[in-house]
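K.L.:
According to TrEMBL, the record shows the following:
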| type | residues | note |
| --- | --- | --- |
| DOMAIN | 18-121 | domain 'Ig-like' |
| DOMAIN | 126-215 | domain 'Ig-like' |
| TRANSMEM | 223-246 | transmembrane segment |
| COMPBIAS | 256-267 | compositional bias 'Basic and acidic residues' |
| REGION | 256-327 | region 'Disordered' |
| COMPBIAS | 271-289 | compositional bias 'Low complexity' |
| COMPBIAS | 290-307 | compositional bias 'Polar residues' |
Amino acid sequence: TRSLTITSTDQSMFEKAQGEKVTLPCTFELSEEDEGPLDIEWVLIPADNQKREKIIIMYAVDRVYDNYYGAKTGRMQFTNLDPRSGDGSLDILNLKAVDTGTYQCKVKKAPGVQSKKIQLTVLVKPARTKCSIEGPQEIGKDVTLKCVSQEGSPLLSYDWRRVSGTQNLPATSTLNKNTGELLLKNASREYSGTYNCVASNRVGTDECSVELNVTPPVNTAGIITGAIIGTLLGLSVLCSVIFCCCKKHREKKYEKEVHHDIREDVPPPKSRSSTARSYISSNRSSLGSMSPSNMEGYTKTPYSQVPSEDFERAPPQNPAFAPSKVAAPNLSRMGAVPVMIPAQSKDGSIV
């Protein structure tokens, strides 16, 4: 007895790039015995067997239901607008990496029931490929050119080529297609130029370039010596500045201390002129209180020199002369400096 049969059995695995469109085939034939309503379901079988299958689109009772699976809403449709014609194929638009999985087409028309599984793999093209140089670009050194794609489904393959000069890789180069590393041993000036890397997988390619410039070795000893000299000079200048600042600070501190030590209530020392004026004033006062006999002897005394400040000190005793009996005025009350007054003795000599 003939019954429902799925005829699309030629291809069960598909590989597509992200962003592309895929058609999963599911054609069928009905028999006269299949009299029930037609029911077509597409389900996504999870990789984990512990999880349940998810219906993503369904045709039942002459109507399409495509809002079961939110991740594919608006990106899925039946290839034929009328699946009753025997074509229940599914179109998935704008493929994404999450669309990778196992899909199953189920066709039911009682009493006939048939199903078919299809494996879909969504591959991501290489993208955001970056090239770089590792190691010193000096003559005689080993240099490594690196190439890495930030996006892309495995297995990725890398290939380097030279786009300047001889356009051939150096004879000492070693390429690792899986890691994208190109090792250039014992580099020379002839290795300089532009290098291009191509990253590829089964669904696309991406490229990047890098410029290699091999130069003579740098004089490291000279650079280190210059750095040391510069550092020492900088330290010496810094020390000089600090020394000057400290010295200036000490001078200011000393001036401030000396200024505070000066007492404002101490009178300045007397000058010679003020001492002379005091002496003359004292003599004039003394003259007013002397007797005529004393005045006569006093006028005969020479008075041509003004005493100095040392006059106040007592002169040495002379044993040839006796002290005068003339009473000296009370000079302390008069505010004058005490002085020695000449006098005349009975025999006419000056004392």
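Cβ atoms are placed via backbone N, Cα and C, with glycine included.
Unlike curated records, TrEMBL annotations are generated automatically.
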K.L.:
Looking only at the domain 'Ig-like' (126-215), how are its residues distributed among DSSP helix, strand and coil?
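P.N.:
DSSP classes over the domain 'Ig-like' (126-215) add up to 3 helix, 51 strand, 36 coil.
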K.L.:
How do the residues of the domain 'Ig-like' (18-121) split into helix, strand and coil according to DSSP?
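P.N.:
Its residues fall into 9 helix, 49 strand, 46 coil.
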K.L.:
Looking only at the domain 'Ig-like' (126-215), report the model's average pLDDT.
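P.N.:
A mean pLDDT of 94 is what the predicted model shows over the domain 'Ig-like' (126-215).
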